[in-house]
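The structure under discussion appears below in the form of structure tokens.
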Amino acid sequence: MTDHSLSHSFDAFSKVIATNQRIIAALILQDMRTRFGSSYLSYIIAILWPLTHFAVIVLGYAMLHFVAPVADDPIIFAATGALPYMLCLYPARLMSIAILQNRQVLAIPCVRPLHLLTARAVIEILSALLVSFLVFFVFYLLDYEIIPSNIVDAISALFATMYFGIGYGVFGIIIIAIFGYFANIVIIFSVIILYFASGIYIHPGTMTERALELEYYNPLFNCAVWMRSSYYVGFEDIAINKGIIFWAGTSFLCLGLIGERYLRGKFFTA
């Protein structure tokens, strides 16, 4: 192959990348504008919704528990469990309906389902990061000890949770393609079940050995313990199955992408 052919191939590849980037960027802006209305200001709802949900969980726990199972502050204990839940539930729910909500855009010849999924994933990651920042910022302003002792572990736990949530949401595309839009309720309730089964309101040290063996395979439990291990002494001694978070997220992601390929036609009849 001559240098001219290599240069031509590289230029063609660069043009394809640039075209895909422009399509995804346009879809991101379109999604942000139409998520809850017809204005970019409506995107604020996408941030306030999980923040309000988070506040209800944390305040509800604090009202019922004046003493945390570990340390002194029930607010921080609840927050370190509720935040991973938020970063799993909302990306999972919204990723699962990404194609269904925007299927009219697929009438444009250059737009592919993968463009929609990539655009939605970028939005959900940015939204999750913004929600996390606002949570930490508000707690810091209120003089709560929200800064973890191990920042790297806390950040790793949050990104791992987002990855699992997005992967699970992509898998939800299959369920919705087969059973229709209301199957999204299955996605929501399955995450809620993982949430309540994760025991994030109690110290894992109070669980039975059998319960811990089962929780070892609950991705959301491991996300919460991973997050809390960056705050509390003793949590680092609890076995954290980080692999189940990665492999479950990756498996769901791959199954979702394969299912989207073979069930694509069902999105126009769901």
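Note that Cβ sites are derived from N, Cα and C of the backbone, with glycine treated the same way.
Quantities reported herein were computed from a predicted structural model and do not represent experimental measurements.
In TrEMBL this protein carries:
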| type | residues | note |
| --- | --- | --- |
| TRANSMEM | 40-63 | transmembrane segment |
| TRANSMEM | 75-100 | transmembrane segment |
| TRANSMEM | 121-142 | transmembrane segment |
| TRANSMEM | 154-174 | transmembrane segment |
| TRANSMEM | 181-202 | transmembrane segment |
| TRANSMEM | 238-258 | transmembrane segment |
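Counting Cβ pairs closer than 8 Å to the transmembrane segment (75-100), the top stretch among 40-63, 154-174, 181-202, 238-258 is 154-174. Packing against the transmembrane segment (181-202) from elsewhere in the chain are residues 61, 65, 69, 78, 81-82, 84-85, 88-89, 92-93, 96-97, 100, 165, 168-169, 172, 175, 211, 215, 218-221, 224, 270: each is 6 or more residues past its ends and has a CB under 8 Å from a CB in it. Among residues of the same chain six or more beyond the transmembrane segment (238-258), those with a C-beta under 8 A of the stretch's C-beta atoms are 114, 117, 160-161, 163-174, 204-205, 212, 216-219, 222-223, 225-226, 229.
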